[in-house]
Amino acid sequence: MKAIIVLLMVVTSNADRICTGITSSNSPHVVKTATQGEVNVTGVIPLTTTPTKSHFANLKGTKTRGKLCPNCLNCTDLDVALARPMCVGTIPSAKASILHEVRPVTSGCFPIMHDRTKIRQLPNLLRGYENIRLSTHNVINAEGAPGGPYRLGTSGSCPNVTSRNGFFATMAWAVPRDNKTATNPLTVEVPYICAKGEDQITVWGFHSDNKAQMKNLYGDSNPQKFTSSANGVTTHYVSQIGGFPNQTEDGGLPQSGRIVVDYMVQKPGKTGTIVYQRGVLLPQKVWCASGRSKVIKGSLPLIGEADCLHAKYGGLNKSKPYYTGEHAKAIGNCPIWVKTPLKLANGTKYRPPAKLLKER
């Protein structure tokens, strides 16, 4: 910043009197003011920055969650959310979470009709909680549920640590043992088993196949009806019979059937209900979740730390109070988006050098 020179010269004589006023060097700084429009000033401080794209980072001063289960190798977040065998582990607590799976999220183990329900939203629902844990006990006794006794079905595409066959830990595939006959709708109550103050996320579903397989497994080859109800939300489904091409998941045997998977959220102390016919996937282990975690769309890995996480620019450190560029969701200690750059005038209004005035 160039110095402002104030010079006042008064010369008194019988001759002419010459006066000069405030002068300064030429100023390149122009600011827009509310009352005078564009004004030249002697100095400014920039208040805005235009970020460049960078990698995402851990948010300073808080825990940031990338994958739901960092130690569950070769598992999608949906695998973890459904508790697929070999994809069960600890989900770290976090105040901020990264939505990092940009393509349609799928799960292995058994062919799922993902588009029939909101099941792809389950990982995002879990990300929105600070603390998430899978219950150690099953919410109901599936083998003795109404319409049973049942044996619990497994799949060769779901190997667990002790067997070549397994299934999702959140659900039990209820196959009638001896009473393979059609049934009227049956009702099972789903109790609340989480700790006080936790939301309970209960996963359930149903299996359907071609007519021959439905008759063999359940004794009924007709479409089956299913309903879930919890927290004032009721959902109805009717199973599709046949019409599925064979599909193989993760090197297992080709499957002619499909499963439809959904979930319901039970608030503290509230009981849920499931009304079902043949082919039901009864709930088993449930998610218990509490607190809130801010979620932002991003990418992995998380490298270093940043003041702010921005959906378009990644990790940002706050060097200025405002920023220009793309406006998008951001979390943390973030600059404020403005349309045009802002400057703080820290000098005075520029005045051109005063002209010499001659008085007689």
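From the backbone N, Cα and C atoms, a Cβ is placed for every residue, glycine too.
According to Swiss-Prot:
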- 1-15: signal peptide (SIGNAL)
- N40: N-linked glycosylation site (CARBOHYD)
- N74: N-linked glycosylation site (CARBOHYD)
- N160: N-linked glycosylation site (CARBOHYD)
- N179: N-linked glycosylation site (CARBOHYD)
- N246: N-linked glycosylation site (CARBOHYD)
- N317: N-linked glycosylation site (CARBOHYD)
- N346: N-linked glycosylation site (CARBOHYD)
Of the glycosylation sites listed as N40, N74, N160, N179, N317, the one whose CA lies nearest the CA of N346 (N-linked glycosylation site): N40
For N40 (N-linked glycosylation site), the one of N74, N160, N179, N246, N317 that lies nearest, given that the glycosylation sites are compared by Cα: N317
Of the glycosylation sites listed as N74, N179, N246, N317, the one whose CA lies nearest the CA of N160 (N-linked glycosylation site): N74
Distant-in-sequence Cβ neighbours of N74 (N-linked glycosylation site), under 8 Å, six or more positions away: none
Nearest-integer angstrom distance between the alpha carbons (Cα) of N317 (N-linked glycosylation site) and N246 (N-linked glycosylation site): 51
Under 8 Å by Cβ from N179 (N-linked glycosylation site), counting only residues of that chain that are 6 or more apart: G147, G148, G219
List of residues, in chain order, with Cβ under 8 A from that of N246 (N-linked glycosylation site) and at least 6 apart: P254, Q255, S256
DSSP state at N317 (N-linked glycosylation site), helix/strand/coil: coil
Cβ neighbour count (within 10 Å, all chains shown) around N160 (N-linked glycosylation site): 15
Cβ-Cβ neighbours of N40 (N-linked glycosylation site) (radius 10 Å): 16
In three-state DSSP terms, the structure that N179 (N-linked glycosylation site) belongs to: coil
Lowest local Cβ density (other Cβ within 10 Å) among glycosylation sites: N317, N346: N346
